[in-house]
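Notes follow the structure.
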Amino acid sequence: MAPSADTSFAAHAADQFTAYKDDRETKSQDVLYSTSNGVPMPHPYETQRAGENGPLLLQDFHLIDLLSHFDRERIPERVVHAKGSGAHGFFECTNPIPDLTQADVFSEKGKKCSVTARFSTVGGESGSHDCARDPRGFSVKFRTEDGNWDMVANNTPVFFLRDPAKFPHFIHTQKRDPATHLTHADDSTMFWDYLCNNPESIHQVMILMGDRGIPDGYRFMHGYSGHSLKLVNKSGDWVYAQVHFKSQQGTKFITQEDSASKSPDYSQKDLYEAIERGDYPKWDVSIQTMTPKQAEEVWESQRINVFDLTHVWPQGQFPLRKIGEFTLNENAANYFAEIEQVAFNPSHMPPGIEPSADPVLQSRLFSYPDTHRHRIGVNYQQLPVNAPRSGFKMGNFQRDGQMAFYNQGSRPNYLSSIEPISFRPRTVNLDKAHGHFSGQAIAFMSEIRSEDFNAPRALWKKVFDEPARERFINNVAGKMAMCKKEELLKRQIAIFREVDGDIATRLEKATGIKGYDGIANMRFNGTHNGMATDPKLKHANGMNASCGDSIPGSNGAPKSGTHLATNGTNGINGH
């Protein structure tokens, strides 16, 4: 495209702002080969050297430009969720919920917004197998008129932990052994060492080792927020909420045996080709809701903790309510630009959606944007795939840093009285929307309790049929066969025995290892044992209870009286 006759910098800048769209759609036949500074070159294979057989010349910018960019063309892969696939599409509100939230995207029927979704395995590297037995990430970026909402979910409703400081340790056990450099496909010792010392992981372990452990591609799986969020309406009233993405394609799984016959990029290929042929995958977006009073009651009567990532809300008590659906109908034109660089952040919440006090969620509110700033730079939200699509002109006082493409022109980078910026009136009273927290700083680590086995027991008895139970036992036994330490497996079988004695008996037969009778006489290095019969076994290994007891009475749940009727009325804080 010929440059404009206008030689001003403004004209040049205008060309650059349209360049991304043009570049994304331009074919190879329509471009002229050049260096990065726009100088045409006669051929990409040419180099300059001193004579026919002399050394290369430092003045050959083309070669230096080529090699130096090549040396830097890989950004750090994600520490977690490194292997993934994604696509673009749209969300449409089908059942508005203004009674529950002031979030604009749920305000009226037919309201739409652009979305980008990314699905992934959790523990593997960027070149790992799509059909690994692993949870799947399920993240959706909703570009609402009030800013981006990133729903960073998984294909399982629970996770392995509820204490946020455990997360880096857990992920390390899913990676390569620092000595042997083997993954747990060949040596599962680290895998079972973590799990047998953190029994609250058992519900997720059962899901992982069951049929949902290897979904048949990304189109045939559900997604779950796992964490409790808060929905706040225009009156300032709020409820806890769990978000579910339900596949309209249904769910399918791949057996452990069949997974070995699949392509390493099986899920990527399936998603891409389905969209290319017009078979657009769709998911219902549904919510479960719970009032603050109900949250206290389910803890007091059922020991269900809404702040616990290892607990689920019974759908019989808290039924799903569909609010919309999203469709993926557009593949990325460039995988790196639109999928590898897409950055999801659970702290991206528009007005009407707020975080709960779930400690793992609270830690993720920091960790996710922090890793994006490290991985793709402080201005990662200026990348087109991450940029918001707000219904107003954005402005703030963030300037400079690496790759500051949009740097807000000549506007003041401080709160100026000469050229003032506009503000929207407050719409969320945070004094009312959040709990009234007060108290001393405490050391906190959760303990394993009998209620932690209720949901896994229901999964085994009521959800799994007999063929599913047999597959589960075979999957667990196969994974245990890769473990070099029998003691770890004795402990893990004891944890399974707390779920159901039948599981332990079958595993003992399958592995030839006799597990311990239960966890009452066990001590863990990862959690306090609330089921211990000997007080000496109650505290986690290495903890000195004489200097501050970190065992919480309610495991961090909202006890009766936690939620005040009114948490402040002055509206001091807010969006």
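Cβ from N, Cα, C; glycine included.
Among the features that TrEMBL reports, active site is placed at HIS81, ASN154. The annotation heme binding site is assigned in TrEMBL to TYR368. As annotated by TrEMBL, compositional bias 'Polar residues' applies to 563-575. Annotation source TrEMBL lists domain 'Catalase core' at 34-422. Under the heading region 'Disordered', TrEMBL lists 548-575.
Remark: HIS81 (active site) has SER120, THR121, VAL122, GLY137 as non-local neighbours, by Cβ distance under 8 Å and separation of at least 6 in sequence.
Scoring each of the recorded positions (ASN154, TYR368) by how many neighbouring Cβ atoms lie within 10 Å, the top position goes to ASN154. Across the domain 'Catalase core' (34-422), the prediction's mean pLDDT works out to 94. With respect to their backbone Cα atoms, ASN154 (active site) and TYR368 (heme binding site) stand 15 Å from each other.
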